[in-house]
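Q: What TrEMBL records for this protein is below:
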- 307: active site, proton donor (ACT_SITE)
- 381: active site, proton acceptor (ACT_SITE)
- 409: active site, proton acceptor (ACT_SITE)
- 25-146: domain 'Alpha glucuronidase N-terminal' (DOMAIN)
- 161-469: domain 'Glycosyl hydrolase family 67 catalytic' (DOMAIN)
- 470-693: domain 'Glycosyl hydrolase family 67 C-terminal' (DOMAIN)
- 1-19: signal peptide (SIGNAL)
Ligand code: GCW
């Protein structure tokens, strides 16, 4: 007895003194707070029986070995017989049915490949807490969910829970280069240590897989879409193979980016023409070799004819001809070809907003069945807020996946706390009115409205070698939230914020209210101090950090001036029928409402309309004044986030507290910088008086223009 007491005290002591550096992510198992739940868990952990043996069950066993001692102070006991000593049953439906004939008690046939059933099963008078999947990975998902419920205080021993993901490919896209730099990565270098692979296995690979599996992510593309053909050489395949082997027990498939010109660069051919027999043979051979190394290889992800990446247009072939050629090489192996719709070319003299639809709508019906077109959430480029991409709803016979950006390229990078879930939720819930009057982006992407058979949600990863993985502790919330939304795109941001907060900071209800409030306000705050009322792409040139509404460097026609179009008369991009007509790419219901500046939601106003500075807004105030008030509101919200956070001093782990607190201090300064720089600039153009309600900026426009970021991270390498 005494021994246990000492052990328990030691445990509590060591946990309290272990500085939280963020490495454990949301899997930072702690003593279960609720005492009834703790004793239930204690009992359950004392007899765990697996109905089979496979690498996924071994992964579960390891997870329980890690979690149980931290949660209850005791190691778990794995029993070798399924009845007497046993409290928990873990297995697939088939395994349980064969042994016990439980088909009728647990019918999960409809839960698909990855679903699970969890709850009490009565057998010969005794109750067993049971987690069942159709495949072992379903059991793994169920176990993670169960551990999460213990950690967040929602576990109910008597309740049956059934879950299955709504999206098939729940995928992270790494923009990681082979030299370990990360394009738009703000958390250090790439976690893929290509140099030391295949020989050396960094323990991070396993923790990465655990974290992803715990939120349902089942696919990763390891390499940058600005691709390097070397990843397809035999040497690199062997390296990727090791990662695939590590990820497999966790249900994660590996994808790689395929550089369209690889036949020339590593195949010694003179062309990469997708209709050339030698090119076709190259890709077939390469792909066959890939499957010899990685039998469950997911497929290729391709960025073609965009921002200088090679593609089929060089050979006067279409995106469909390019994609189908690669898809044909993958098809015999069950692989998927993901082709990005982010086409951005300076050759086309059209509003950039229109390019994807112009190129892809005519190709509807021409793509092979195993092709998915991956579409960014909006038509420009991961701006703080964008209306949904008009490709959603515009094609009928093409599989469309959505691509979100978890890394905060345009949203303060790893310095600012911006919880992205509300932004994604806004996009997913957007009504497209096509193919049915009630369709939404989520309904198209999950197939329920579109009927598409292959479904995909991809997120550009924010993960790097920083000890806490994401640079900013709250970057973890974005990774977490992305995973949860791939599982169920109809979840609310509030629920996700609550889950993550409990797993990260514990269950204290007062802390929870405050942290949730900070998270849920943070996106609107950033939109307000960066790009309110539909403004977009007015950030600093190339690094995309900090304000740059005056920027004309580089290609003058594609920088801030192009997007905000401010002149002495007004501001905004006219995309209605009097302007670029990009609005015509949406459904008639949207065209009707949004072409009217009185009806369009004000959050999209300047995205679609060029209006006089004196235009009267819904509030009765002028547009110029509203712009000012929105910027100012952004600053106020940032200050409020900071002051709310300060009330958590002493109430949460000091290391976590101080990390976020310092970053919030910077965020407030940057919010002020954004507001002052943008308002001084727009004032210089509009020649309107500075709104009197707003704090007068220190420094003049020249001062703000002179601020530079010599060390802005995550810029694409220039070689
Ligand atoms: O957002 C832009 C980025 C580029 C990126 C590109 C893309 C990978 O600025 O760095 O390149 O989008 O999505 O392809």
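Glycine too: its Cβ is placed from the backbone N, Cα and C atoms.
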Q: If you count the other Cβ atoms within 10 Å of each Cβ, which of the active-site residues 307, 381, 409 comes out on top?
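A: Buried the deepest by this measure is 409.
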Q: Between the Cα atoms of residue 307 (active site, proton donor) and residue 381 (active site, proton acceptor), find the distance and write it as a whole number of Å.
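A: About 12 Å separate the Cα atoms of these two residues.
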Q: Calculate the distance in Å between the alpha carbons (Cα) of residue 381 (active site, proton acceptor) and residue 409 (active site, proton acceptor), and round it to a whole number.
A: 10
Q: Tell me, what is the mean pLDDT of the domain 'Glycosyl hydrolase family 67 C-terminal' (470-693)?
A: 96
